[in-house]
Each structure stands twice: as C-alpha cells, then as structure tokens.
Amino acid sequence: MAIGILGTGSYLPEQVVTNDDLARVVDTSDEWIVSHTGIRQRRRAGADTRSSDLGILASRRAVSAAGLSTEQIDGLVVASSSPDQVQPATACRVQAELGLMTGPAFDVSAVCAGFVYGVAVAQGLMCASGQYRRMLVTGCEVYSKILDYQDRTSCVFFGDGAGAVVLGHVPDGYGILGSHLTTDGTQRDVVGIPAGGTAEPTSADTLAARRHHFRMDGPRVWDFATTALPVSIKQALAATGLGVADVDLLITHQANLRLIDAVAHGLGMPREKVPTTVERYGNTAAASVPITLDEAVAAGRLRRGDIVVLAAVGGGMTAGTVVLRWY
C-alpha cells in the first residue's frame, strides 16, 4: 500500500513584523538579525487568534488542493508546540471546525520536528489499518504568544503560520518510500517552556520568573541540528536505496538561514535544491516544513517522480526525515 501527498496548503497571518519593528521593543537591530539568521520579517497573528485557527485555514486549503471534501478525510494529526491549551489536544478543535466528526484526531509533540513526525505516524497508521484512506497532517503555530520579548536570543527568530498536507493512496512506487525518526532525551533541556506542567506547576514564582515563555540554548541547538539532521537524512535515504545525489528537493525545517546552509553544505547538496521561506516568515516551528513545501508546489518546483525529502529537528531533542517519490 503506497501512501503519498495528495494536496498541500498553508496560511500566514496578514500582519508583517520587520526586524526594525522588533528593534523598537528589544535590544537588537536589522543588521544583527539578518547577518545571524537571514530573517528579514515574520508574520504575527491577531491577539484573539489561536494556533488552531491558522491550522483550520491551512487544512481547508490542503483538502481543496487534493480535490476532496472534508467529509472524505478519515483522520487528523496536528503538530503544534504552541497549542491552544495544555489539554485537550488542539486537533480536537481543528477536527470539529472542519467537520471531521469520525476517526482519530490527536496531537504529536516534537516541537519543530512535529510535522515530520506527524507524517510518519499518519502513514504508519494508514498502512496498519484499512480504516483510514485519507488523513490530514497539520502544523500550526502562534509563537508570538509564547515568546519572551525581553529575550533577544529567541524572540527574533519566530513567526506565526500553518501548513498542512492530505495523505492518501497513490500508485505503487510513488509516495512515502521511508522515514527515520530519532530522539536524544538527554538534551530535553535545550528547547522548551519550563513551567506550566507537573514538573514546574504554575505559581506566582514561575510567573514572576517568566518561566512560561519559550526558551532555547542556541549554540546547543546548532550543535545538535548540524549533526543529527544530516545523519537522519542519510539514514532515511539509505533505507530506501537512495543517496543524497538522488534528491531533487530538500524541504528542511526553516530554523534560520545559516543553519539551513550548514546542513546543505554538510550533505554536499546544491543549495538550489533547498528552497527557503525563513527570510520572509521566520522560524514557524512545526509549520515551517509544510509551508515551504506548499510554496514549492505552488511555484511548480515538483514534478511527478521527483525524490523529495522532508526533514526537521526540534526540541527534545528530536530529528526526523521522510523520503517521498512525488506523485
């Protein structure tokens, strides 16, 4: 049973936040942000907007692009590291608003690698059970609500957005050829929101210490990403009998431009095979891979038979790769 991508969709909020805008609220500059990250602007959702709102809009576009109706979708996986609430799953609201009233709807938590993990999980579920012929995988983020705008080492990187794909049956030889997922839980402190769970319950002290905002250790993220992501990509390709030279397009997590360049260089992959959106949208976490994929599809960069790699790293620390032959 071959499972591939039937349609893609994305949604970006209208409000553009430039580097100069951020420089008015935090000690930074356009020159510093561009030279260190390649990011020139990002999008920001409205004050009343939830991650699920963006996910719903991107999902509708993906379903439409697949030539389907929402009634034909059998299940939903949502990846978000800025969920609507701690519980229940953000997927529950996305399911209800889309009218997907049967089948599973659940969240996958792997921070920026969540969408890639979600695709691998959904494919496995579809192959294991004949009940699910078409599944929606959505990455949606509103990071503007969890960032600490007193922390210039993190707040300049991120933007809001959502992307989605519809998975379904494709002819044998096409679709998902293989995947590779890995986690190093000893580095779970590198990225995350420290407070708000059972390890560090909400209190006056955690609020005063700003422990409910996103935090990351940039140098350790770099070290993990530049090591683990190329390894994951190579292992996923090797499992399918392919090599880096066979790849037509690498859609990688849009953390920052320097990191993307380093990963491409480490793989020996021509930079023109690695499209980027981070310059315009910033790091949209679990949404970055499907957003970039959707833009590549819209630009006509994918042809039937192309080998496409989806790859990402995230908190935990996690890394994942999915290899497809495009249909």
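Glycine residues also receive a Cβ, built from the backbone N, Cα and C atoms like all the rest.
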Which one of 24-28, 99-103, 239-243, 254-258 shows up in TrEMBL as region 'ACP-binding'?
254-258
Which state, by DSSP, holds His253 (active site): helix, strand or coil?
coil
Whole-number Å distance between the CA of Asn283 (active site) and the CA of Cys112 (active site)?
9
Distance from His253 (active site) back to Cys112 (active site), taken between C-alpha atoms, in Å:
7
So, three-state DSSP: helix, strand or coil for Asn283 (active site)?
strand
Tell me the Cβ contacts of His253 (active site) under 8 Å, same chain only and six or more apart in sequence, or just say none.
Cys112, Ala113, Leu229, Asn283, Ser288, Val289, Ala311, Ala312, Val313, Gly314
